[in-house]
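Novice: Take a look at the following structure, please.
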Amino acid sequence: MALQVELVPTGEIIRVVHPHRPCKLALGSDGVRVTMESALTARDRVGVQDFVLLENFTSEAAFIENLRRRFRENLIYTYIGPVLVSVNPYRDLQIYSRQHMERYRGVSFYEVPPHLFAVADTVYRALRTERRDQAVMISGESGAGKTEATKRLLQFYAETCPAPERGGAVRDRLLQSNPVLEAFGNAKTLRNDNSSRFGKYMDVQFDFKGAPVGGHILSYLLEKSRVVHQNHGERNFHIFYQLLEGGEEETLRRLGLERNPQSYLYLVKGQCAKVSSINDKSDWKVVRKALTVIDFTEDEVEDLLSIVASVLHLGNIHFAANEESNAQVTTENQLKYLTRLLSVEGSTLREALTHRKIIAKGEELLSPLNLEQAAYARDALAKAVYSRTFTWLVGKINRSLASKDVESPSWRSTTVLGLLDIYGFEVFQHNSFEQFCINYCNEKLQQLFIELTLKSEQEEYEAEGIAWEPVQYFNNKIICDLVEEKFKGIISILDEECLRPGEATDLTFLEKLEDTVKHHPHFLTHKLADQRTRKSLGRGEFRLLHYAGEVTYSVTGFLDKNNDLLFRNLKETMCSSKNPIMSQCFDRSELSDKKRPETVATQFKMSLLQLVEILQSKEPAYVRCIKPNDAKQPGRFDEVLIRHQVKYLGLLENLRVRRAGFAYRRKYEAFLQRYKSLCPETWPTWAGRPQDGVAVLVRHLGYKPEEYKMGRTKIFIRFPKTLFATEDALEVRRQSLATKIQAAWRGFHWRQKFLRVKRSAICIQSWWRGTLGRRKAAKRKWAAQTIRRLIRGFVLRHAPRCPENAFFLDHVRTSFLLNLRRQLPQNVLDTSWPTPPPALREASELLRELCIKNMVWKYCRSISPEWKQQLQQKAVASEIFKGKKDNYPQSVPRLFISTRLGTDEISPRVLQALGSEPIQYAVPVVKYDRKGYKPRSRQLLLTPNAVVIVEDAKVKQRIDYANLTGISVSSLSDSLFVLHVQRADNKQKGDVVLQSDHVIETLTKTALSANRVNSININQGSITFAGGPGRDGTIDFTPGSELLITKAKNGHLAVVAPRLNSR
């Protein structure tokens, strides 16, 4: 068989060697550690993960040895059936990460190793699937890890539960309420560096989706005497040290505080201000951030810290006796700070601290206090201020956690998960009223545990007729009755002493106890003890034999602490406080209430009874915490201490009940309702009795006789694996049913949707057919009318406009315009135009002219300046030569060039001679002499003022435009032209005969430059020119086959030019 290995997030390797024999290997820091729960050798080393699997389950030694083995291997969790036993390791084991949470989420209880997260997930799934309120009860001695377990549970729910619709604010507040309550309610004791000095029960509300949507906290009996007194090696509440160590300098200056705790009387009595395991500075940052998360405003934080600082200043108030031995305040500076921080009148506070107000026969009298009484009043005020502030703080947190959607349907379907973190059983060298109340609370919780697990389970078996061998256990009801019994209990006797007239003292209370309960087996005093016991019992002490062991209590302070007396004038002073928190803590209605308030013990007893009712209304889960040693050292296993805790927690009795009993029981109706889908005969409904239906169901599931029993109203299943197998089958069945339901629903949904679409389609079709029919009829009617009007108009089309032909004429006009719009000319050369009807001829002509003008305007707007100049020159050429000179048509498609000679082709001497005159145009020409007509190469330059004829580097002739009288050219295709100058100009030798290959271009540019457009003469036959003073020359032009220029015999210049017939 192949070996399969699986590595899980905790570092364990699961080797599957047999389908029913899982084998685990865990990798530890000290090498490879094998934990094979099914192998004998591994079990000998790490023990079993469920005490139910112990072979010698009745042996206390075997039980403790199993704890030792697992503790040695850092396996701090072990089951007793569904009960989790946790041993405090006093160090971080790295087993609470997100990976661990995911490993335990949604997994059956016994499919994974024991863990607090397994209990958390089981409780959460029961809350969601069965819709029943749940409670996790965490119990154990002080320092056993109860508070840490509560925090881990909250962390698990915050990380793994779905987020509510309105975000994760509730989850954050649930988590952040812990550091705030710990700061104000926890302190270092001899046994625990973070001991809860109050009891806490938290309800977390979940909506139907399983998301946390709200919460509520109940607090019980804050140990307010710790504010003014601490035993040696203990500290006051954390908040005082955190504020001094972590507060900003400005904050401390405003509060009048200094960082040294030794400066405050209330912080030095335990002589333990600094603790290496506590970082007050970092804890302060956590608390400060948490206050913001739970909706504290900056003003509220400032008011709260003012109250905390006022308690420290109260402790530093000192008194001195005057001549009459009455107390007087001697620390004015502290009083000044108190007055400002508490926002009260200084004189009123001074008087309240040194006097007591007494009302006698309707009159108010002030009685001065001696030094002892003034110190008592000061400490009473400090305790009252702090304890009431703590109560206000819990209320503030509850308002922050309250669900905001109480009217929504999802809120009405919420379920509640309760977390109980109560102070553990305490036995100190000096035990007082607070330890008495705390241990009484633990007795009540132990009694509830017995009721819900041991006693109720055995009674249930008997009531259901299940064969059962009774398990003997110690029922601590006798101790609870000793404390709380009406008229005869310790609390009743204490209240009676506190309320009776006369001089009642702690010793008279002890004497009355001795008289009333002297025969009780769990009560002992010095007077009632034998000679040997009296050595360990003082005269002012009594001893109770609790379920957890013997505890000796000193009666000193019992009456004062139970009365919780605060002088009336101190109450009046605090009621006048302008501090918003103080004004809520001290209500003025207290002053007018004549009824004596209930004592502290009675209030605590009533609140415990209420707590027990709350827990009894929920489905409980148990975490039993064990402290391995008193020194808080990791790895140390104190067998004597652990044996004591195992005994008083009743773990062995719980194990024996679990081994002899059944793991699961449920009423027939509920069981059938949950699992009926697994059997075809019971699904979907069962018509007979529920008991018969369950019998059919378990037979179908294949339960063996030893796996279950049928009671009178319930079915009992012995083994968890049987229930897990049933749950697995149900999960598979649910998937199948869900698929069928989804298919049926989808079919129904889409069928309904199809029918709706079909009805809509029929309606739309009907409406559309009617609309089309009406449109068609209207169209036909309109067409008939239109045809009738057109025919009538056509008949009268030549008549003047009248109602009969107006429609036809308008139609004709419209048709013509629409047709014209489609057939408009595309350019100015396009002369096409649709033939208009007779009535539109005038309008058509106007439109044609507008169209042409528009096209011309668009064309002109689109051309560049260079092209515009080109067109202008071409237009001038056309005006001069079109139809008059044979070679003009050949020049039309050729663009005129700005110049035919570059500046590099013109001599620099010529340019220098011209000076600043720019050359507008230059072209090479041939000049003919005036006498012999000899041709000579020249350059013709046009400037803004003259025509310049250049020979190489010499200006031969300059003709100003003013002296240019005209230009002559023949009508043939030759390229000769004559520039005529004034005869009176002595500077000129006569007219100039020139020849240019670009004669049209040259003459056009010359005419434009000289402004002689109208001075160009196009001659036919001959041109006469001035050849010099008193002498004329003639040029004869005759058509021929080719161009020929010669001097004729008659002395004329004969030019033969071919006719191109292009004109």
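For all residues, glycine too, the Cβ spot is worked out from N, Cα and C.
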Novice: May I ask you to name which of Lys383, Lys667, Lys721 Swiss-Prot has annotated as N6-methyllysine?
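Specialist: My reading of Swiss-Prot gives Lys383.
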Novice: Have a look at 102-124, 608-630, 746-768, 907-929 and point to the one annotated region 'Actin-binding' in Swiss-Prot.
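Specialist: It is 608-630 that Swiss-Prot annotates as region 'Actin-binding'.
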Novice: Quick check for the class: what is the C-alpha distance, in angstrom and rounded, between Lys486 (N6-acetyllysine) and Gly140 (ATP binding site)?
Specialist: 28
Novice: Rounded to the nearest angstrom, how far is the Cα of Lys383 (N6-methyllysine) from the Cα of Asn192 (ATP binding site)?
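Specialist: Roughly 22 Å, rounded to the nearest whole number.
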Novice: Look up Gly140 (ATP binding site) in the DSSP assignment and report helix, strand or coil.
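Specialist: Assignment for Gly140 (ATP binding site) reads strand.
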Novice: Which one of the recorded positions (Lys146, Lys383) has its C-beta surrounded by the most other C-beta atoms within 10 angstroms?
Specialist: Lys146
Novice: Provide the three-state DSSP residue tally for the domain 'IQ 2' (758-786): helix first, then strand, then coil.
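Specialist: The domain 'IQ 2' (758-786) comes out at 29 helix, 0 strand, 0 coil.
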Novice: When the number of other CB atoms within 10 A of each residue's CB is tallied over all shown chains, which of the recorded positions Ser195, Ser864, Ser1041 has the maximum?
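Specialist: That would be Ser195, with the highest Cβ count within 10 Å.
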Novice: Identify, in sequence order, the residues in the chain of Gly143 (ATP binding site) that are 6 or more apart from it along the sequence and have a CB within less than 8 Å of its CB; answer 'none' if there are none.
Specialist: Asn88, Thr189, Arg191, Asn192, Ser195, Gly424, Lys627, Asp630, Lys632
Novice: Cβ distance under 8 Å to Ser536 (phosphoserine), same chain, sequence separation 6 or more: which residues?
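Specialist: Set apart from Ser536 (phosphoserine) by at least 6 residues yet with Cβ under 8 Å, we have Thr552.
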Novice: According to DSSP, which of helix, strand or coil covers Ser195 (ATP binding site)?
Specialist: strand
Novice: In sequence order, which residues at least six apart in the same chain have a CB under 8 Å from the CB of Gly140 (ATP binding site)?
Specialist: Ser86, Lys146, Gly424, Phe425, Arg624, Cys625, Ile626, Lys627, Gln645, Leu649
Novice: What's the number of neighbouring CB atoms sitting within 10 A of the CB on Lys486 (N6-acetyllysine)?
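Specialist: Result for Lys486 (N6-acetyllysine): 8 other Cβ atoms within 10 Å.
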